[in-house]
Each structure stands twice: as structure tokens, then as C-alpha cells.
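Over in TrEMBL, the protein carries these features:
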BINDING   His181, His203, His212  Cu cation A binding site
BINDING   His338, His342, His372  Cu cation B binding site
COMPBIAS  456-467  compositional bias 'Basic residues'
DISULFID  Cys106-Cys121  disulfide bond
DISULFID  Cys120-Cys182  disulfide bond
DOMAIN    203-220  domain 'Tyrosinase copper-binding'
DOMAIN    365-376  domain 'Tyrosinase copper-binding'
Amino acid sequence: MSSLSPLPAATGAATAAFLRPSLLPPKKSASQLSAYKSRKPYSPHFARISCKTSSSDKEPNNNDQTGPTTRRDILIGMGSLYGAASSLSDPTALANPLQPPDLSKCHPAIKGDAGDTADCCPPFSDQIEFKLPSPKEPMRIRPAAHLVDKAYIDKYEKAISLMKALPDDDPRSFKNQANVHCAYCNGAYDQVGITPSVALQIHFSWIFFPFHRYYLYFFERILGKLIDDPTFALPFWNWDSPDGMQIPAIFADPASPLYDAIRAPDHLPGGSSPLVDLDWSRSAASLTPEAQWQSNRDVMHTQMVSGAKKRTLFFGTPLKAGDLADGNGQGTLERTPHGNLHIWVGDLTREYKEDMGNLYSAGRDPLFYCHHGNVDRMWDLWKTLGPRRTDFTDPDWLDAAFLFYDENCKLVRCKIRDSLDNEKLRTGYQSVPILWKDSKRVPKKIRNKATAATATKKKRESKRVPKTKSATTTTKKKRELTDLSKFPLVLNKAISVAVPRPRKNRSKAEKEEEEEVVVVKGIEIDRSQVIKFDVALNDDDDGAPAGPRDTEFAGSFVNVPHRQKPGASKFKTALTLGITDLLEDLGADGDDTVVVTLVPKVGEPVIGGLKIDYLAD
Ligand code: C2O
């Protein structure tokens, strides 16, 4: 079951027409924008929700907990939320976890330019508190998408078809489920009790993993209920293995409900560059499957192992009630490969890069939930990869909460603390080989030497790292340095900066205690654009910047397009990369300075500055 097999055959899906009007929101007008501004309770017809488990079912008995609710009931039900939120202004209050949104105050999400909105507001009703499923419930074991059989595909397709057939006033409909993501990501909610208003944003911080875990949890249970199968589990896209290096074939059949016509045609199986590039950049050339796998393997090692030795490096930095997600930073995996793959699947020729390439529309692609299956699997795996790889214990993380509709159409308030153990959620993953735990990265200078010696022998298969070709003919030189005093600057070409290291030759214990990090400060981007830049250390200038296979490569900044407010597209954030292992592997641990090279790949961000720091958690 879990042995390596060749890449699945291409299906030729690339020729499908790019048409799917039913899920495209109509163009919004200025009046929609004023709906945003006035914060009217949205779509009053949604106050009563419908909940038919299948077309033959009756509406459930609404007398007990699911009852139709007046707006007054909702506000009373939310009293405790307001109570919690009002303590935010109390300086003596200790905890300050992010609160779930007030669905009655949802307003249109922002798709792009001012005035261009998407209606993502869910129906609303009263809430219940989340309860873990009974330990007697069967486990739902999520299979790798490339390993499923016909019986599974039939079941999965049937469930998605039924979900797509649910009416718009059923919160479990595919459209409403897709909108969950839109609303939480593109400014449809303001944080409750915070003035002036701060948009709720579940990316770019430590909220990222738990939010998406719950999202899949409910999405999966709804599907299971629709086909009456309590064991039904979503598939995961095993993009961290050589077998999963394409869009899984089950999503690429235009006749299947799992298909989405709004994807990059060249990245479909059978397209011109179908191999998943976890380090995708617009300019990258296609690699052979073997070279692509080697690159992907090294990306995974950096993101999961060497670059993720502290919690905040892996999960992202804290976001508490009242915080802008802007000031915080994404974790390793959220950037790459998570963000990269969104952009890789989305159709970048479209203004808003739908579907996967923009957070507002990503949930419309069934592949989204498969992609996030693997993201969620990485959370579990990360905890097995070394000491101190544990969940946060900060109550501001544990008590942060979200709202989701469950399979019975109940609106459930879920705290992060109940999401930490997949087994308690009765969720697991099929075991497949993990081939990226060991690093195969080599410093460029060593590889160049070795290659020069065997230049007449084998040529490197990778076109993207042409060191081997050029090593004998190119003379490497030190990079021209930009002075630290030149920041802030627009990163429109590669720059290198000598950054002082406050400490050097630290002991093993010190290194375990605190991870050395390079911090790219004051990154300013237009959040609606694809942005990517790479960071390398002590990278000699030999004509090609370091890539994922080179030890010098520290990581990338990645922004998946999204908007939060009309007219406000600027996003200020930071990038923090763990570099203790990297400096050791480069033999640079005794140096007073490190040369940090920033290479713009897509877009031209403003960079505020650079520093070396030490991170305890
Ligand atoms: Cu919420 Cu993959 O994004």
C-alpha cells in the first residue's frame, strides 16, 4: 500500500473549458460597498436555516437546540462573548484570546479593488459549545489521494455532489462551506468587541493550523452524514512524497464533482508543467521528476525539520484579540509549501487568481480540502520530529475560538484547546513513507568543487540549479553589499547585506535553548498580490542564487492574495527564519557577520530591515 509507485498517468484534463458561472459571485456595486460600511445585520432571510440531510429527509425537529432564532436571541446568546471581549480593556485581565466572530454582523468580504466584494456571509443561528466526539466513534482515517480505490472515489464524489446540491440556506452546502474560508480571510468579520475595528484573519499567525483543522473536521463530518457513513474521511494530497507530486488524478476529471475548472491549466495532470514544485516561483523552469523530488524533499526538510525547531517558527507568531494579523508572521509550513501550492494551483491569469490562488475563493476548489488534509497531517508529524515540539500552552492560544456549522446545522463554538489531538477528534491519516526527514542539502561551494572535479561525468538533471554546468566556467565572487542604513528599500533586485551576529560559537545547550534567526523586518506588500522572495545566507555570487537544494537557502516569504478592507491593501509583516543548523552546515558559526541575500521572485516588496536574533519559543 505504501510503497513507491510511478507518478499517476496524465488524464488530459487540461483541455476543459474555463466556465463555471454558478459559483462565481456577481460583480458587486457601490451599494454593496455601503452595505459593508453600514454593518447592517446581513441577509436577514438567512436567520432561519434549513437542514435537510438528503433530499428525502424532512427538516429536523427544531424545537430543542436547533431552533430558529431571532436576532435578539442571538445577541443574548452572545452575551458571554461580549462579556469576555469587554474585559479586553481591563488592564488587569490576563488572558486575551481571539474571539469568534459575530455572524449577525458579517458584511461582504473584499475580493479586490475597493468596491469589489464577495458575499460570503453564512446563515446564522444560536450557538452551542463544541464537544469532542465520543471515543466510541469509529476513527476516520484519511487516505492519501493517489492511493484511493474506485469504491472510495464513488463515495467521495457522491458526498460532494450531495453537498453541492444543498440549498443556499443550508449552512452545510458546498457554497456555504467554501464561504466559511472567504469570510474568515477576506474581511467579512471584525473582531468582536474591538474598537476601532480590526478584521478577523485566521492566516499569518499561530491561529492557522487549528482553524483549518476544525474547518476540515466539520466539512468531513457533513460529507459523512450526507452519505450516511460515519467512517467517511477526506483524502489528503501527499505532496511531500514523490507519488503525490501532481494534482491527484481524482480532482482532474472534468466530469467529476471534484473538478474545478478554475485552476492553472499548465499545472493539471497532462499540462505543460504538472509536477508540484513546493518552492514554486513564476520564473522557475520545469525539472525532471527526480530533480523536482530532490528539491521538494529538501524544501520539506527545511520547513519541517531544520527551520522549524521552535514553536513560533512552525506555527507562526501569536495573534491575540485586538491584534492585526499584519504585525505577525506566518509559520514555515504556512508559507511553503502551503501558500506556494495555493498560488501554484490558482489561475494567475485571472485578476483575482481564483480559485486556489486567492483566500476568498480557495474553498470553492474541492482540492483545497485535500491540500489542507496534508497541511493538517504536517502538524501531527512536526510534533514527532524532535524535542520541545509541542503545542503552545498559552491560554491565549488554547482559548482562541471559532464558529463552524456542524453536520446537524448547529453553529458550534470551538476552542483551539479541543483541537490539539486528532485522535480525540477521531481523525487519523493513512501511514505513508516520509522521505524528507534527513537533509541532503549541500553547500554550493562544496557541490561546485565536487562537480568541477567530475564535470565530464554526469550532468546535474536540475535545470534550476545550474551550478554544475557553470562551476567550471564561472568564477564566484563575493556579493556586492548593501549597507544596513539603506533600509527601508524596495526589493526590485537581489541585494546582499552583512548583518552582525550578536553571538557566535554558542554551546550545544545554548543552541537548544535559543534558535538563531534572521528576521526580515517591516515587510510591506500589497496583500492582494502574489509576493515571493527568497532568503539565502553567505551565498557567493556565481550567477545563480541559492535554491532549496543548497545549504545557503534559508527560506522564502510567500503571500497568497487576499484583501481585508476596501482600499486598504498594504500589509506590514515580518519573516523569521531559523538558521542555527544552516550556519553550522556552512561552517559559519564562528563568524561575526552573516551575509543575507534577498532575492525577489514575484512582486516588489518594501523591506524595512534585517537583524539576527535569538528565539526561545
Ligand atoms: Cu486558509 Cu490554505 O488557506
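Note: Cβ is positioned from N, Cα and C throughout, glycine not excepted.
Features as recorded by TrEMBL, highlighted on the structure.
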residue: Cys106; record: disulfide bond; DSSP (3 states): coil
residue: Cys120; record: disulfide bond; DSSP (3 states): coil
residue: His181; record: Cu cation A binding site; DSSP (3 states): helix
residue: His203; record: Cu cation A binding site; DSSP (3 states): coil
residue: His212; record: Cu cation A binding site; DSSP (3 states): helix
residue: His338; record: Cu cation B binding site; DSSP (3 states): helix
residue: His372; record: Cu cation B binding site; DSSP (3 states): helix
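Within 10 Å (C-alpha to C-alpha) of Cys120 (disulfide bond) lies none of the binding-site residues His203, His212, His338.
When the disulfide-bonded residues Cys106, Cys182 are compared by the number of other CB atoms within 10 angstroms of each CB, Cys106 has the fewest. In this view, His181 (Cu cation A binding site) is surrounded by 25 other Cβ atoms within 10 Å of its Cβ, with every protein chain counted.
Over the domain 'Tyrosinase copper-binding' (203-220), the average per-residue pLDDT in this prediction is 97. Other C-beta atoms found within 10 angstroms of the C-beta of His372 (Cu cation B binding site) number 23, with every protein chain shown included.
In sequence order, His212, Glu334, Pro337, Gly339, Leu341, Met356, Ala362, Phe368, His371, Val375, Val560 are the same-chain residues whose CB sits within 8 A of the CB centroid of His338, His342, His372, the residues recorded for Cu cation B being left out. Cys121 (disulfide bond) is surrounded by 23 other CB atoms, counting those within 10 A of its CB over all protein chains shown. All protein chains considered, the CB of His212 (Cu cation A binding site) has 25 other CB atoms within 10 Å. Sequence-distant contacts (6 or more apart, same chain, Cβ under 8 Å) of His203 (Cu cation A binding site) comprise Cys185, Ala325, Gln330, Glu334, Leu359, Val560, His562. Other than His181, His203, His212, the residues of this chain whose Cβ falls within 8 Å of the Cβ centroid of the Cu cation A site are, in sequence order, Tyr184, Cys185, Ile202, Phe208, Phe211, Tyr215, Leu359, Ala362, His372. If you take the C-beta of His342 (Cu cation B binding site) and look for same-chain residues 6 or more apart in sequence within under 8 angstroms, you find Met356, Gly357, Leu359, Ala362, His371, Val560. Around His338 (Cu cation B binding site), the same-chain residues at least 6 positions away in sequence with a Cβ under 8 Å from its Cβ are His371, Val375. When the CA atoms are compared, the recorded positions lying within 10 A of His372 (Cu cation B binding site) are His212, out of the candidates Cys121, His181, Cys182, His212. Cα to Cα, Cys106 (disulfide bond) and His212 (Cu cation A binding site) are separated by 20 Å. There are 30 other Cβ atoms within 10 Å of the Cβ belonging to Cys120 (disulfide bond). Comparing Cys121 (disulfide bond) with His181 (Cu cation A binding site), their Cα atoms are 10 Å apart once rounded.
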